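Below: one structure, written as structure tokens.
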Amino acid sequence: MSDTPETPNVPFNQPPEPPAGLSPDNSEKQFALFVHLSALIGFFIPLGNIIAPLVMWQIKKNESAFIDDQGKEAVNFNLTLLLVGLALIVLTLITFGLAIFLTAPLGLVLCVAWLIFAILAGIKANEGVAYRYPFILRLIK
């Protein structure tokens, strides 16, 4: 017998548990779904992809640890995409448009990824899973 504590065999890609350790109720799941999907307003309103999740998160962040966690994720994801998009624009401008052959396809991939990940995050949040967007800057902790 060894003195080291046994660690459970947890798969690498297993989704994290809800932050409070308790399963969120249906209203929390539904609100988290709307927080993630509210970013899609950005298709119609400039910066709506940041403002809508930010406002929704601020409304309920103190009422639910799950909504607080998912709201931060949604805002961080959309801030990251904004920064990447701005970097692509700056790259295009400083090369006097020559980089457009690189930045335009990357911008398109960015838009498609935004749509897919926002919908996927909404679905997972509605299932009560604390979704983590891949490859984002977690600026809001």
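Backbone N, Cα and C define each Cβ position, glycine as well.
Just so you know, TrEMBL annotations are computer predictions that nobody has curated.
For reference, TrEMBL has these:
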REGION    1-24  region 'Disordered'
TRANSMEM  31-56  transmembrane segment
TRANSMEM  77-100  transmembrane segment
TRANSMEM  106-123  transmembrane segment
Intrachain residues whose Cβ lies under 8 Å of the transmembrane segment (77-100), provided they are six or more past its termini: 39, 42, 47, 49-50, 53, 106-107, 110, 114, 117-118, 121, 133, 135-137, 139-140
Chain residues outside the transmembrane segment (31-56) and at least six past its termini with a C-beta under 8 angstroms from it: 24, 64, 66-67, 70-71, 73-75, 77-79, 81-82, 114-115, 118-119, 121-123, 125-126, 131
